[in-house]
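Chemist: Attaching a single structure in structure tokens format; questions to follow.
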């Protein structure tokens, strides 16, 4: 996510005056390392396959059927995978991912190692050309449109510390669009909050939020809305600057 849609073109970078020769040389080197990482992973795959082709456990080399595996997973993960697949196919246009890839990584550790290497190198490329980050952010926004809103938390979890530009775009979009809670059921005991907490933040600007179809049962305390505090106090007592408004959003249900 967040890569340029147009092919990497060193002469164009020089012509536009966006980059120095040393930066372009670094970029070419890192792109070559990305290609090498895939080639190394392919060799690892072939070696593993050759070592286990005559094993008594042929299932080691079995590649799970993708659709069946998706059906086993959580709904949000399935939606996220399908969303990213649409974005990938749209970007590739003429050639599908399935026709390009002719090999598979059989061990999780090999796959994670490849992903870690690619993420580091792509991050280096993004930082190398700061003048292109607006264009890259726009691409992130376009790709984010493909992701179902309920899959965003899953995407954030999958990203972790990788692809900081996409993480930034997600944060900005959430802040702009706010929170949307639909058909929420709260039951049982304890404390539940729908909203954000801002503690000791000067001039805090809470994001917008909407709640529809809220159903509350059981016993406990529910809070709908943002909570802004100006000092470190007890969770149930701190509410500023508008204590009355904040208290009105708390509902004790028994």
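Heads up, the Cβ atoms here are built off N, Cα and C, so glycines get one too.
Since the structure is predicted, the reported quantities are computational estimates derived from the model, not experimental observations.
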Chemist: Of the ranges 215-234, 235-254, which one does TrEMBL flag as region 'Disordered'?
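Modeler: The listed stretch tagged region 'Disordered' in TrEMBL is 235-254.
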Chemist: Would you mind splitting the domain 'Prion-inhibition and propagation HeLo' (19-148) into helix, strand and coil residue counts from DSSP?
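Modeler: Reading the DSSP string over the domain 'Prion-inhibition and propagation HeLo' (19-148) gives 101 helix, 0 strand, 29 coil.
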Chemist: Compute the average pLDDT of the predicted model within the domain 'Prion-inhibition and propagation HeLo' (19-148).
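Modeler: Per the prediction, mean pLDDT sits at 81 for the domain 'Prion-inhibition and propagation HeLo' (19-148).
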